[in-house]
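Checked TrEMBL, it gives:
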type: DOMAIN; residues: 32-194; note: domain 'tRNA(Ile)-lysidine/2-thiocytidine synthase N-terminal'
type: BINDING; residues: GLY35, ILE36, SER37, ASP41, VAL67, GLY138, ASP143; note: ATP binding site
type: COILED; residues: 205-232; note: coiled coil
Amino acid sequence: MPIIEDQLFRRIKKQTGQAIGDFNLIEEGDRIAVGISGGKDSYTLLHILDSLRRRAPIRYELVAVNVDPGFPGYRKDHIEAHLREHGFTYHLESTDCSAIIDAKLRPGSSYCAFCARLRRGVLYTVADRLGCNKLALGHHLDDFIETLLLNQFYIGTLAAMSPRLLADNGRHTVIRPLVYVEEARIVEFSERNAFPIVCCSCPVVGAADQKRQRMKQLISELAEENPQLRRSLIGALGNVQPRHLMDPRLTPFAPLGKRPDMV
Ligand SMILES: Nc1ncnc2c1ncn2[C@@H]1O[C@H](COP(=O)(O)OP(=O)(O)OP(=O)(O)O)[C@@H](O)[C@H]1O
């Protein structure tokens with residue numbers, strides 16, 4: 001079934017194009033690995049990037065990459081059928097992440113966070129092998145602002161995510177082109193196009209991250225009073241006023257010689 005190119009599609013495409021321009025996410029000659037989990041966000045990302053690519057003034061390539069974490073029952077065949085039906089170039093990577101987690105997860109550590117780190121490592125390796133210089137992930141506006149609040153409420157730091165980040169290995173650039181797209185629009189888009197959603201089938205699936213759920217709920221409640229709330233929070237990430245913060249690495253409070261390294 002072809003993608004429905006209605007107003008919702010055009011809106012998501014426009015917001016994605018805006019982010020690509022604002023943060024210089026895509027450049028001439030890029031070969032981009034698009035991480036496809038089988039979830040709504042990454043299917044949306046792939047279809048929108050592909051549509052933008054067809055009309056783009058620059059040339060870039062997309063390769064959909066799925067990492068099979070190795071949990072029994074993971075329906076990667078559904079993902080593959082969708083990628084094939086829509087004519088995407090794709091690669092499916094089988095892994096034994098599940099066995100590694102069972103063997104190495106330390107008591108008290110987060111199952112999902114450990115799994116995500118392993119998957120990210122595999123994505124970098126596969127991107128290298130496929131000659132991709134960038135890795136696109138499906139994080140959207142709500143992921144950014146929930147992370148911003150989580151970090152403030154529970155970690156004590158003012159940080160969220162970057163739409164464009166050079167990976168620690170110094171080789172790959174991670175891009176998040178859906179930064180301006182609200183999750184609710186992605187849910188609608190995914191349902192309207194009947195994307196074949198595949199769950200990771202891990203042992204803790206369904207045990208949602210309680211703190212993130214709490215942030216989601218809080219944002220939804222406050223957004224009822226202030227419909228601009230999400231836009232305001234995402235805007236705040238691009239409008240930092242260091243003089244009105246209290247990080248000594250940003251503002252030289254102490255006399256010279258006693259100052260911490262500036263960032
Ligand atoms: N198994 C996987 N294979 C390839 N890429 C993945 C995989 N899991 C996650 N990703 C990438 O990392 C992004 C963030 O992953 P996360 O687990 O937070 O998923 P999510 O927010 O539920 O998104 P989605 O709806 O795409 O699953 C995804 O949007 C996708 O681009």
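Yeah, the Cβs are placed from backbone N, Cα and C, and that goes for glycine too.
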Output, ordered by sequence, the same-chain residues six or more apart from ILE36 (ATP binding site) with a CB under 8 Å from its CB, or 'none'.
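Those within reach of ILE36 (ATP binding site), by Cβ under 8 Å and sequence separation of 6 or more, are SER42, TYR43, LEU46, ALA64, VAL65, ASN66, ILE79, LEU83, TYR90.
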Compile a sequence-ordered list of residues in the same chain as SER37 (ATP binding site), six or more apart from it, whose Cβ lies below 8 A from its Cβ; state 'none' when nothing qualifies.
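Same-chain residues close to SER37 (ATP binding site) (Cβ under 8 Å, separated by 6 or more) are ASN66, GLY138, VAL198, CYS200.
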Summarise the model confidence on the domain 'tRNA(Ile)-lysidine/2-thiocytidine synthase N-terminal' (32-194) as a single mean pLDDT, whole number.
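A mean pLDDT of 95 is what the model gives the domain 'tRNA(Ile)-lysidine/2-thiocytidine synthase N-terminal' (32-194).
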By the count of other Cβ atoms within 10 Å, pick out the sparsest of the binding-site residues ASP41, ASP143.
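Each of the binding-site residues ASP41, ASP143 was scored; lowest Cβ tally within 10 Å is ASP143.
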Identify, in sequence order, the residues in the chain of VAL67 (ATP binding site) that are 6 or more apart from it along the sequence and have a CB within less than 8 Å of its CB; answer 'none' if there are none.
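Sequence-distant Cβ neighbours: GLY35, GLU93, THR95, CYS97, ARG119, VAL122, LEU123, VAL126.
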Whole number in angstrom, please: the longest C-alpha to C-alpha distance across GLY35, ILE36, SER37, ASP41, VAL67, GLY138, ASP143 for ATP.
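Comparing all Cα pairs, the maximum is 21 Å.
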Can you count the other CB atoms that lie within 10 A of the CB of GLY138 (ATP binding site)?
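Result for GLY138 (ATP binding site): 23 neighbouring Cβ atoms inside 10 Å.
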Check GLY138 (ATP binding site) against DSSP and tell me helix, strand or coil, would you?
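SS state of GLY138 (ATP binding site) = coil.
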